[in-house]
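Have a look at the structure below, then the notes.
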Amino acid sequence: MSRSIALLRQYLAPHWRKATALAVLVLLNAGLSVAIPLMLGRFVDTAQTGGEVRALLVIAGTFIGLTLVNQVIVSTAAYHSEDLGWLATNRMRADLVGHTLDLDQDFHQRHTPGELIERVDGDVTTLAQFFSSFVFHVLGNTLLAIGIVVASFFLDWRIGLVLLTFGVAAVLVLRRTQHVAVPYFTALRQTNADLSGFLEERLAATEDIRGNGTRNHVVGRLTGLLDELTRSMRRAGVASRASSSALELSVALATVGILALGSVLLGAGTMTLGALYVGYHYAGLLSMTLFKISYRIDQLQLAVASVGRIAEIHDRPSAVVDGPGADLPAGPLSVAYRDVSFAYTEGKPALREVSFELAPGETMGLLGRTGSGKTTVGRLLYRGQDAGAGQILVGGVDVRELTLEQLRSRVAVVTQDVRLFAASVRDNLTLFDDTVPDERIVAAIAEVGLAGWLDALPEGLDTPIGEGGGALSAGESQLLAFARVFLGEPDVVILDEASSRLDPATERLTQGAQQRLLAGRTAIVIAHHLATVRCLDHIVVLDDGRIVESGRREHLTDDPGSRYSALLAGVGA
């Protein structure tokens, strides 16, 4: 609960004017809701004692006027409450997405995109509903409940005593039961996240599932997750009924108490019919108010569960800490690895004392079988993760001394899995940076040999590309990834098996674009096909995280005993 209040304060504070206006509306609503039944009681007493018709009409008109004003206040408060809730949580959602993008690669390997979507969208939406209802419904109804009890004492102290007893009992019940369902709602949110992650992964692998005949297995797993979701919903629902069931019993007892007391006092002539009506109405209004609070407490329990899951990401520091910043020379940068070691899992090193150096503008091909540590070398350079031991220098500066923005503006990565968005060609190349002029975009597209492709598009740069690349070929997607790098104008380029998914014919078409991309830049090319490295300066061969061979490409080519020479000859080293 304290974490909920802290988040509430953090994200509502910038909107304090709206919150203050909402609080005033809530106070007015509570006051009018207490006053309106008094008008009805006065109407009943005036009619019973034979009052003038004019007086009855004045009371009736006042009642109608106050009711209409109260409805306007309720509608206005509801609108501002929703507006305030979504303003606050939209900022939270943006902060959470930004923080998630800044977290290290290890975090993203442990959490599926579906799970993160559920937390960023599902849990934050739950919190938005809580924020939007907390001031209006919880605080408003709490003020109304207090106002009803106070007004009932002015009406008749005995009715006030009954309602006070009922109110205190109801509050005690709510306090004892308000946290009962939190663990169940936490489990429910996690089950929803697991289901989202499962669906995201399986839908992305539809072709593989069909091709390998594993449809029935996937459906079976989905059925199991849906069964678990049903059980989680049932447990959360039953637990949340604990408070409302106890409250219903208290309501019944309070209503019976008011009617019994009123009958006695009315018979004794010590209470008017109007006062009894108002007392009975207050009992019903107080019951309804406490039911609303109880319902919102159910929502509060769900919100507390969501806050815990949001805070798990929100408060998680990145293992990659931003550096203080340092000066880098202009132009191509040198790259040096000095005894670099790294392990994804303790006791299972992915890299072991890796050392090499590249002068500014030099290129290096990184070879090795799957799992040898090639991708890890590139990942440590742009600080997707930090080395466990050793030092990595760019331009003579330790990468940990540079800010992440500074480092990643000078170092660019092209992976084997090109990510294209459901957006225009322009947005896919600029990554939604609208400050990049079209002239630069067109020049970058021409640089990778796609000028004819662009001219054939019906809407040019505004032509939409489907999610994942739509109808683009693998070669076109790869060339667009190269164009992104051209736009960024980096000084160090990492090509992580960028052509591994291309057939030989398509790969040959991309070779020219790759050579233009690497010209005048320091580059590390993590190679799948040997053709990719035949124009590079250096070759490094990795095996089980260690460098087992390194040297100038032409020297290794001429050395018949080298592993690289053996690979070229088609013989395993």
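Glycine is treated like the rest: Cβ placed from N, Cα and C.
Curation does not apply to TrEMBL; its annotations are automatic.
Values in this document were obtained by computation on a predicted structure and should not be read as measured data.
As annotated by TrEMBL, transmembrane segment applies to 21-41, 53-74, 127-151, 157-174, 249-268. If you look up TrEMBL, you'll see 21-302 marked as domain 'ABC transmembrane type-1'. Taken from TrEMBL, the feature domain 'ABC transporter' covers 335-569.
Counting residues 6+ beyond its ends, the transmembrane segment (157-174) has Cβ neighbours under 8 Å at 145, 148-150, 243, 246-247, 250-251, 253-254, 257-258, 261-262, 265, 275, 279, 282-283, 286, 290, 293-294, 297 in the same chain. Note on the domain 'ABC transporter' (335-569): mean pLDDT across this stretch is 87. Tertiary neighbourhood of the transmembrane segment (249-268): same-chain residues 156, 158-159, 162-163, 165-166, 169-170, 173, 276, 279-280, 283-284, 286-287, 290-291, selected by CB-CB distance under 8 Å and a gap of 6+ residues from either end.
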